[in-house]
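As structure tokens, the structure follows; a few thoughts come after it.
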């Protein structure tokens with residue numbers, strides 16, 4: 001098999017986005033659009049990927065580190081000029097080169113593989129990826145002769161009335177014989193209104209040299225959707241989300257209302273898990289089998305075990321074991337590690353907390369910088385007081401401990417195994433194993449005193 005190369009065009013400034021963020025770094029379902037493109041290319045056994053960068057080059061290189069080589073286009077002088085910047089890396093090499101736009105996040109590896117195969121079958125020097133759309137206004141048209149052979153690409157503004165009625169368009173993705181590409185690029189002129197060097201002119205140069213130019217027509221226009229403004233970004237995100245959600249449903253996940261469920265592309269979900277409407281699953285979240293995530297929940301970069309029930313709660317950068325009940329309205333902040341068979345109830349917040357197997361935090365609890373053992377019960381209103389205004393400190397609770405309601409554990413403090421903390425206590429010293437910790441003022445009843453108080457009656 002001949003060598004394969006790819007050039008990704010990612011140097012455009014994207015002024016229509018009206019954003020400080022470099023255009024191709026705008027995310028589509030949790031991943032920058034240019035990274036979608038490069039990740040798809042990486043599955044094609046490509047020998048080298050060269051990304052042409054311009055504005056925001058450093059940020060693009062950060063995101064694609066290890067996935068691509070980079071060449072900077074100092075001046076944005078058109079698509080042909082952009083590809084020519086890869087001359088030092090690719091010119092003179094045998095093989096074929098894919099040219100793909102970095103702002104087409106929906107393009108799939110299977111389509112590019114089909115393009116490469118068609119290019120090889122036709123023994124072409126260039127093959128254009130095309131598609132047919134109802135309204136081709138603004139797109140370059142593919143002009144074929146009576147035998148269906150490609151004659152040229154005509155830009156919309158230069159097309160005759162007859163040519164404007166053609167619905168087959170140039171998607172901006174190409175496959176070239178690598179040597180022929182770079183030889184032709186040297187002859188591209190900028191004799192046009194914009195004074196730029198355009199890649200479609202390579203097609204004309206090759207045709208004028210009697211080289212074979214082919215066109216592979218793909219089924220779906222959506223793969224070629226280029227993102228140039230926020231409206232197109234929203235459309236691309238919508239189409240990508242539908243693709244992601246349908247893939248999860250095909251793999252055994254129930255999405256009660258897919259249209260209102262947001263799932264990033266790197267999220268993994270196990271079979272027979274049910275995701276209710278209004279759920280957001282972000283980053284590299286992994287959810288096991290047989291879970292339920294109810295409406296209003298957000299889970300970000302977290303690992304969730306099997307048979308977990310998350311009720312209208314937020315989980316960030318945390319780990320949850322099997323058979324755990326969470327919520328409603330719980331908040332697991334980063335570095336929470338919740339073991340199996342734990343109950344995290346309503347209005348419970350954890351942060352940098354390890355919660356041992358079988359432990360119950362039923363409601364209105366804060367546990368930050370805490371290590372909690374197995375089979376512990378923490379009463380309503382209890383707090384691990386971890387911050388003294390300058391420093392954070394740790395609370396350690398052993399196994400089989402009972403913490404009464406409205407208890408304050410002033411860190412650093414350790415509560416031993418099987419200890420009992422009396423309700424309303426403020427614990428400032430360690431509590432030994434099997435001990436009762438109690439720290440509250442003695443109750444004093446003032447008999448008859450209430451008669452002197454004004455109760456408003």
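Keep in mind that glycine also has a Cβ here, set from the backbone N, Cα and C atoms.
Acetyl-CoA binding, as stated in Swiss-Prot, involves 386, 387, 440; the candidate among 423, 450 given for that site is 423.
If you measure from the Cα atom of residue 363 (active site, proton acceptor) to that of residue 333 (UDP-N-acetyl-alpha-D-glucosamine binding site), you get 16 Å. Per-residue confidence over the region 'N-acetyltransferase' (252-457) averages 97 (mean pLDDT, predicted model).
Candidate binding-site residues: 170, 228. Fewest other C-beta atoms within 10 angstroms, 228. Within 10 Å of the Cα of residue 228 (Mg(2+) binding site), the following binding-site residues from the list 9, 11, 23, 386, 387 place their own Cα: 23. Of the listed recorded positions, namely 23, 333, 363, 440, the sparsest CB environment within 10 A is found at 440.
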